[in-house]
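As recorded in Swiss-Prot:
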type	residues	note
SIGNAL	1-14	signal peptide
TOPO_DOM	15-544	topological domain 'Extracellular'
CARBOHYD	Asn27	N-linked glycosylation site
CARBOHYD	Asn68	N-linked glycosylation site
CARBOHYD	Asn274	N-linked glycosylation site
CARBOHYD	Asn350	N-linked glycosylation site
CARBOHYD	Asn383	N-linked glycosylation site
CARBOHYD	Asn476	N-linked glycosylation site
CARBOHYD	Asn501	N-linked glycosylation site
CARBOHYD	Asn521	N-linked glycosylation site
TRANSMEM	545-562	transmembrane segment
TOPO_DOM	563-586	topological domain 'Cytoplasmic'
Amino acid sequence: MFLQLFNIVLIYGVRTSQSTWINYPENCTSISLQDGLRELCGGDQLMNIRNQLLDDTYKEIGEICTPNYSMEKKSEGYRCASIKKKVICKMLENFDHEVTYISESHPIDKAKCHELIINKDLLNNIEEPYYPPPKCDSSKSSVSELEFIKLINYDVILDPVGFQNEDNYLFQFDKTNPIPIDYIYQSEFCQSKNWICHGDKSYIPLEIFKGDNQASIRLELIKLSIIYDSNFGELPIRDACRLHYCGKPAIKLFNGAIIKIKESPIVLGLPSCNRSRIEMPETNLAKKRYSNVGPVLLTTLNKRFELCKKIKKNLELKQPIPINNLHYLAPFEPGKHPALVYRLVSTTINQSLRNKVVPVSMLSMSMCEYITGQIIEDGIKRNLTDEDTVIILANNKEIKWKDLKGRENWYQEQANPNIIDKNPDHLSYYWYNGVMRREDKFTYPSRYILQTLKKIYTDTERESRISFFKFRLERNITKTEVIKFRDIEESSDQDHSQSVNKTLEGDDYWNWVEETTSDKNKTDGSRGDEKQTIQNKEYWNEESSIWGISTIITVLGIYYIYRKNRREKIFLNMKHRVQRFFKLDY
């Protein structure tokens, strides 16, 4: 949940999900550009989470485990039974004898069985039950009866939650020790060694992405959720309860998932599960619901890191940087990291921000404490009001529209009078890491990794309609508009602003920014290896490529001229011109 990489807004976001995970900067203080550059890209490591809260709480939680539902639930062992053999002899009217044989078996409770095994050595003193000889009397029916205590081998599948009942037990025996061993919890499913566990390594280790280990990804996100719940929530783990599972203490989460963590005050503060929670269907965290998503995430991490280092190198060399590529420098981990803001952005007639280049002298750096949160997307509204809640952080802090607008370091773009001369209200304001607002709406760049992790975590959460952070806000939230662009092409020119507004007026807004869920097993692939010629011509574009209408028209025009001139026998001259055109840099 805390890996924030890409500047793309996923147009395949879940239709039922009403929020976008973000990494929000707070408590920012200005630092020099030189100091900020040293901290960019996480220093010299792929992941760099510096957060005292996480440092302290991770050790308290320790290892987190969940059942492996592919394991066999069958248990095999011994139980005691009282077996009665009866023989009834009755004389008939013709003076014949009718003999009836009856066998009865009655279970013996666990404590009594344990005592009998030790006192009577049932394991070695094996006696097969047999019927006594009939005793027939001429005057009345007679009954002969024998009772035997026997160990019976059982092969059963028992409910992992129902083991508290004394009638449910199985014993096994060590060859060197006649004392019975409680074995009901020893099915493959219940054995702790077969559970899927995520170690107490600090933070999200890169190993969880190898081999497409979606269970470890979910466990890590649950672990991070527990950290925030235990520090900021009303309960140590929100909407969770304690129960005995496979005979050991466990926790049932709000979505039915079963987990085990180290005994600590976090666990002891939970209530016991009532019957309805016990009977609630379980969620299999180990189920692989997406194909090959782990390696894609790992590849994305590495490519993002390499791209970030290239941009950082250009900044250190005082070279100007295309404005949209600066978003790649935004930190993707919580904790203390730099934030970048551009103090001056000029309005251009170009439709895409890709053509805007920001000089290094126009960049400012701040050191901020990042905390994970989510943007509230509860519908569409033309204008945000000051009291509208637009962001809720993991510590339950609300960020209202007036709070966001009142933050430091908002810079208004510089108007070009040849483009915008009558309505300066349509100018954009730029903030940290590419956050932008125009009039009473704002854009917050989303990240591919964050939203992919959200999908993995919330794929079972949707059914319960409970948000990941489980906020304690029981009230209706005023519907607000949060505009998200596919390729962060939030151009500040007037024409593009009008086209965006027209788009939002239609009924296809949700189809634009969200996905359909018709195929839950659809592969979440990478964004491809598209090349983008910028500065050193080695930048890898992590975003979705979107061609504007003007670009398409330009290409078609070039193609038309190319065909026309080829017919006119001046092909080589035209080929040279086309090559020169495409070699132009930004």
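We number each residue from 1, going along the chain as drawn.
Keep in mind that glycine also has a Cβ here, set from the backbone N, Cα and C atoms.
Secondary structure at Asn68 (N-linked glycosylation site), as computed by DSSP, is coil. Note: the CA-CA distance between Asn27 (N-linked glycosylation site) and Asn274 (N-linked glycosylation site) rounds to 42 Å. In this structure the C-alpha atoms belonging to Asn274 (N-linked glycosylation site) and Asn68 (N-linked glycosylation site) are separated by 24 Å.
Comparing Asn68 (N-linked glycosylation site) with Asn383 (N-linked glycosylation site), their Cα atoms are 49 Å apart once rounded.
Cβ neighbour counts within 10 Å, taken over all protein chains shown, single out Asn68 as the most crowded of the glycosylation sites Asn27, Asn68, Asn274, Asn383.
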